[in-house]
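The structure under discussion appears below in the form of structure tokens.
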């Protein structure tokens, strides 16, 4: 390793997961070609890696925020490209970062030449923490509720949010912990497959979410202005049902969901309130990678025979943020977004805003995580293509992250409490 070449991470080698980092290399020869690599390991021990080729400027420096990548995992000026382009060797592998106590550790290195096999010139490690200083992580096992509650530092009160994440079993803490870093009190829920919960379910119960909302609202640091919901994929329709059928829901973020209750029937107080809209496997195609394209796989939610699955969201009293990706291949989320907003408009309601992202795929998550083109689908039991172009998807995640926090700040924080919430 050269003693003259430096690899610096600014403003610090330690930061929060959702914060950008500036990658700088100096001490190179003028116009020297180098390969900058990144590697990381997820919570399952799976290695991910990325690389990009750069040419040093006249002063022998490379600034990833200014210089274009000439090849590798991406091209062009992409300051955080080495993070969102991290990829596993095996196809259909999704980056798993669920435990908020373990930082996302990315190791950067600089190598001479464009093949990436040249001598190591410099290296540095970026520790990307999911928990900010002072944020409390509280495992919840109370009544039927299984999950983790994240409470920001301070006396509060804080706006309270229920994070449904997505359907697939187990528990994910990443999004909830990062939202708590910004001043929200967030309970992330497990639906099944966590702790003493059943490993599989054949139906879902709205009572479970009602109990979770009550738990959140009675917390001494929770604002009494009602709760927010944040979802993704299958949990999008769950969020719609919760906002429609239960009280005290003030703000719902629906990300790439459906307008109908999907896959599993929904019950409340012992009775079925929504049947399940199902997939038609004859409408599923296979991509070159071997993953299924299920964009048009669901039955028509507006067909008369599927009326029981439709969610009457016009009954909801809270606000909605509808988010859809144009290249979502899990299903046609843009179509469902339009059906939802048209339903509200027909009822004379304007309690929503919408954002559509061209070039983005299904899994819109907190920014600066590895883009996932395909992975195992919990319902179909096979790999599914999620869609999206990596650069466009990464930019959508950056924009959406700020939009989500702004939406909750606007609709959950009373004017008098805005200063205390410090979002």
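The first residue you see is number 1, and the count goes up from there.
Any Cβ shown, glycine's included, is placed from N, Cα and C.
Annotated features, as they stand in TrEMBL:
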DOMAIN    205-413  domain 'BAAT/Acyl-CoA thioester hydrolase C-terminal'
ACT_SITE  233  active site, charge relay system
ACT_SITE  328  active site, charge relay system
ACT_SITE  362  active site, charge relay system
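Here the C-alpha separation of residue 233 (active site, charge relay system) and residue 328 (active site, charge relay system) works out to 10 Å. Geometry remark: residue 328 (active site, charge relay system) versus residue 362 (active site, charge relay system), CA distance 5 Å. Computed over the domain 'BAAT/Acyl-CoA thioester hydrolase C-terminal' (205-413), the whole-number mean pLDDT of the model equals 96. The number of other CB atoms found within 10 A of the CB of residue 362 (active site, charge relay system), across every protein chain shown, is 27. Residue density at residue 233 (active site, charge relay system): 27 other Cβ atoms are found within 10 A of its Cβ, drawing on all protein chains shown.
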